[in-house]
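**Q** First the structure, which I've put down as C-alpha cells, then a few questions once you've had a look.
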C-alpha cells in the first residue's frame with residue numbers, strides 16, 4: 001500500500017520545531033535589514049534557512065525512497081516549483097509596479113534582476129554587476145533573491161546526488177561525500193577571503209555559500225531512521241537534557257554571532273559563517289528529534305504562524321523596505337521600519353492563504369481553472385478571483401512599463417559622472433599642473449596669536465585663499481561636488497576618485513609636497529569608504545607640512561561614519577591650523593540635496609558641500625577658530 005501513496009497530495013511527516021527555527025531565522029534577517037546597527041550579524045538568518053532546507057528536503061527525498069523505492073525527479077521538481085514560484089511571481093510583479101510609483105533608483109537594472117531571479121541565477125547576476133549585499137546606498141530591488149537562486153540550483157542537483165549516494169552502504173558512508181563537499185565549500189569561502197577576493201564574489205557564489213545546504217543534507221542522511229526499524233520510543237530524561245543542551249549551545253552561539261559579527265568583514269568569511277552553520281545544525285538536530293521537548297517549545301502558535309509564512313516574509317520584506325524608504329524618506333527610519341513590517345506581514349499572510357496554499361494543494365492548473373470558472377466558486381473564492389484579477393490588470397502593464405522605462409544608472413552614478421566630466425574638462429589634471437612658483441609655505445611666518453597687542457591697531461584680516469591657492473584630495477563625494485567647488489573656488493586643483501581612502505590621499509599629498517606643487521591650503525574629503533586611523537591623520541598633517549588643512553567630514557548610513565567624524569573633530573581640536581568642514585551637519589536635514597543613495601550630492605548638495613568648505617577656510621582666519629593659525633600667503 002505504501003508504494004501507491006502519492007507524496008504530492010499526502011501530508012509529509014512533520015518535524016517539530018522547524019517552523020519555530022524558521023521564525024527565528026526570518027526574524028534575524030528582518031531586524032538586520034530594518035535596524036542594521038541593532039543586530040549587525042542578523043544576515044546569518046539566511047544561513048539558518050540553508051541548514052533547515054538542506055535537512056528538510058533531503059529527509060523528504062529519503063522518505064520518498066522508502067515509500068516508492070526511488071525518486072520521481074519530475075514530480076520532485078514540480079513540487080519545488082509549486083512551492084516557490086507562485087509567491088515569487090507575485091512579489092516580482094507587485095513590487096516592480098510599486099517601485100514605478102515610488103520612483104528613485106529602485107528600477108535601475110530591474111530587467112536584469114527579474115531575468116536573473118526567474119531563471120534562478122540572480123546570485124551570479126549580482127556577482128557580474130558587482131552588487132554588494134551589505135551596501136545600503138544602491139540596493140537592488142530583488143537583491144534578496146540571491147539565496148533563493150542558490151537553493152534552487154541546489155534542488156536541481158540534490159535528488160541526483162541522493163540517488164547516487166543510495167548506491168553506498170550505511171548512513172555514515174552516504175553522508176561522507178556530502179560532508180566533504182560542504183567542508184570544501186566552507187574552505188573555499190575562507191580561502192577566497194584570505195586571498196582578498198571581492199566580498200561580493202565570496203558571499204554570493206554558489207560554490208562558496210552552499211555548505212549550509214550540503215551539511216544540512218548530510219545531517220538528514222545521518223539521522224534518517226534505518227529502513228525496517230521500529231519508530232523510536234519517547235526520549236528519556238538524559239536524552240531530553242542532551243537535546244536541550246545542544247539546542248541551547250546552538251542558540252547561544254548564533255545569538256552571539258548575530259550581535260557581534262561585522263557585516264562583510266574578513267572574520268565573517270573566515271570562520272563566522274562556518275560557525276553559524278555549526279550552530280544552526282545543532283539547533284536543527286536537537287529540535288527535530290522525535291519527542292524532543294525543545295522541539296515542542298518551538299512549536300508554539302506564534303512561532304509556527306511566522307515560520308509557515310517565513311518564505312513569503314523573506315520575499316516581501318526587502319522590496320517593501322526599499323519602496324517604503326523611497327516613498328517616506330530615509331530620514332524617518334522608525335516610520336519606514338513600522339510600515340515595512342506591517343506591509344510585509346499582511347502581504348505574506350495574504351499570499352500564503354490565497355496563492356501559495358491553493359497552488360500547493362491543487363496544483364497551478366486546477367487553481368487557475370478554479371479562479372476563472374465562476375460557477376464552481378464559493379463566495380470567498382469569487383472575491384479572491386476578482387481581487388487577483390484586478391491586481392494583475394494593474395500590475396502587469398505597470399510592471400512592463402517599469403522594465404521598459406527603467407533608468408540606465410542610479411542618480412548617484414549620474415552625480416559622479418557629472419563630477420568626472422568636470423574633472424576631465426579642467427585644464428589641470430592634478431594639483432601640480434599650472435601652479436606657479438612662490439615661497440614655500442614651510443618658510444612662512446611661524447604660527448602666532450591672532451589677537452594683536454592693545455597698543456597695535458587692529459589689522460584687517462587677510463583675504464581668504466582663492467582657488468589657485470587650494471589643493472583638494474577626496475573621494476567620490478568630493479568628485480560629485482566638483483562643479484560647485486569650481487564655482488566657489490575658480491582654479492582649485494582637485495584630485496578625487498571613486499572608492500578612495502585616506503591611505504591614497506596621504507600618498508598623493510606627500511607626492512605633491514615632495515614635488516613642490518602642493519598649494520597653500522589642503523582640503524581633504526576622505527572617510528566615506530572606511531574607518532580612519534588617528535595615525536593616518538598624523539601622516540596627512542606631516543605630508544602637508546606647515547599648511548592649514550580642512551578636513552571634510554563624512555555623511556553616509558555606514559557603521560564607521562560616526563567614528564570617522566569623531567576622529568576628525570578630535571584631531572582638529574588638538575592641532576593648530578586644522579579645521580573641520582561640517583558637510584554632514586549641513587546636509588543632514590536636506591535629503592533632497594542628495595542622490596538616491598543618500599551619500600552623493602546632486603547639484604544642490606554640491607553647493608552645500610562647497611559652502612561647508614568655504615566656511616571652514618574662513619574659520620582658519622577667525623580668532624580662536626584655528627588656534628591662531630594664519631594662512632600663509634605667496
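Heads up, the Cβ atoms here are built off N, Cα and C, so glycines get one too.
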**Q** Any idea which of 319-369, 370-420, 421-471 is down as region 'Disordered' in TrEMBL?
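**A** TrEMBL lists region 'Disordered' for residues 421-471.
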**Q** Near the transmembrane segment (271-292), which residues from the same chain, at least 6 beyond its ends, have a CB less than 8 A from one of its CBs?
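**A** The answer is 15-18, 20-21, 41, 44, 47-48, 50-52, 55, 186, 189-190, 209, 211-212, 215-216, 219, 223, 231-232, 234-235, 239-240, 243-244, 246-247, 249-251, 253-254, 257, 261, 265, 298.
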**Q** Under 8 angstroms, Cβ to Cβ: which one of 178-197, 209-229, 313-330, 383-404 has the largest number of such pairs with the transmembrane segment (41-62)?
**A** 209-229
**Q** Which of 12-35, 178-197, 313-330, 336-355, 383-404 shares the most C-beta pairs under 8 angstroms with the transmembrane segment (209-229)?
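**A** If we count Cβ pairs closer than 8 Å to the transmembrane segment (209-229), 178-197 scores highest.
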